[in-house]
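A.B. asks: Quick one: the structure is below, and I'll ask about it shortly.
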Amino acid sequence: MGGWAIAVHGGAGIDPNLPAERQEEAKQLLTRCLNLGIIALRSNVSAIDVVELVIRELETDPLFNSGRGSALTEKGTVEMEASIMDGTKRRCGAVSGITTVKNPISLARLVMDKSPHSYLAFSGAEDFARKQGVEIVDNEYFVTDDNVGMLKLAKEANSILFDYRIPPMGCAGAAATDSPIQMNGLPISIYAPETVGCVVVDGKGHCAAGTSTGGLMNKMMGRIGDSPLIGAGTYASEFCGVSCTGEGEAIIRATLARDVSAVMEYKGLNLQEAVDYVIKHRLDEGFAGLIAVSNKGEVVCGFNSNGMFRGCATEDGFMEVAIWE
């Protein structure tokens, strides 16, 4: 074993015109969450507990697309989703259609620990949350002024805004200047919210992963993306822990997170090789990114977009927070 390691993400694919202050806000939040996880890992907190702890922090801050600050549905409401997985015995929990639970990642954890099921959704998940006594808030708590403005403009453009920030061309040349939609005089993509995730391997070599999101801006009611789908947006095994972000439908088709573990197990690839392989061969024309840790203490961030909000740290003192390639 190579010691503990942790990685966090706040979405893949970033507008090259993103203002410096927005970049700095994202870096500060990722740094704060990394440090929270590092302190816990140094105190021998388990991988699964660290994943939940860090994602709760991300859900509480409105900067990214999870918990407070989640993307809005076509009706202006929030329907959140999250999943968490413990690689030790491949235990998992997931939730979708969450409208009043302050921290969806903790409800996903309770589904794993306190229910006979792996996945609960909509009214059933909300009923379970109340029986478990989790913190409940009004749906309005999750709605921010920025997202209200984004939804209005998305409706005017008759479009759905994806949870990545650049047009499908995926290069700096296809920057926000190509978008006709603006808010406050700036390209709409500057305000686009992003999915969050965390992966951890603890000092015992146990891997865990979690992902949380509000989904797509102006999405249809009832839409479910990759984030709560075990094997697509989230996966953990005895080999690794993986959390994905980007074009949800492409990630679902690729079962991207599970594939990292599969090629490690069946092809004998190391973590870097496995991440490179799935990013290159499994996404077709989709754009996505992922963070991953291995049971050997390795940490890798991979993406085929121009950037990804990300941060990682290892027990030997390495720490990095970055956005661009």
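Just so you know, glycine gets a Cβ as well, placed from its N, Cα and C.
Not my notes, these are from Swiss-Prot:
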ACT_SITE  Thr195  active site, nucleophile
BINDING   Arg223, Ile224, Gly225, Asp226, Thr245, Gly246, Glu247, Gly248  substrate binding site
A.B. asks: Provide the number of Cβ atoms within 10 Å of the Cβ of Gly246 (substrate binding site), excluding the reference atom itself.
C.D. replies: 29
A.B. asks: In Å, rounded, how far does the Cα of Gly246 (substrate binding site) sit from the Cα of Thr195 (active site, nucleophile)?
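C.D. replies: Distance (Cα to Cα, whole Å): 8 Å.
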A.B. asks: Output the one of Arg223, Ile224, Gly248 that, of all these binding-site residues, has the highest number of other Cβ atoms within 10 Å of its Cβ.
C.D. replies: Gly248
A.B. asks: By the count of other Cβ atoms within 10 Å, pick out the sparsest of the binding-site residues Asp226, Glu247.
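C.D. replies: Counting other Cβ atoms within 10 Å of each of the binding-site residues Asp226, Glu247 gives the minimum at Glu247.
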A.B. asks: Would you give the longest CA-CA distance, in whole angstrom, between residues of Arg223, Ile224, Gly225, Asp226, Thr245, Gly246, Glu247, Gly248, the set recorded as binding substrate?
C.D. replies: 16
A.B. asks: For the C-alpha pair, I'd like the distance in angstrom between Gly248 (substrate binding site) and Thr195 (active site, nucleophile), rounded off.
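C.D. replies: Rounded to the nearest whole number, the Cα-Cα distance is 10 Å.
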A.B. asks: Of Arg223, Ile224, Gly225, Asp226, Thr245, which is closest to Thr195 (active site, nucleophile) if I measure between C-alpha atoms? They're all binding-site residues.
C.D. replies: Thr245
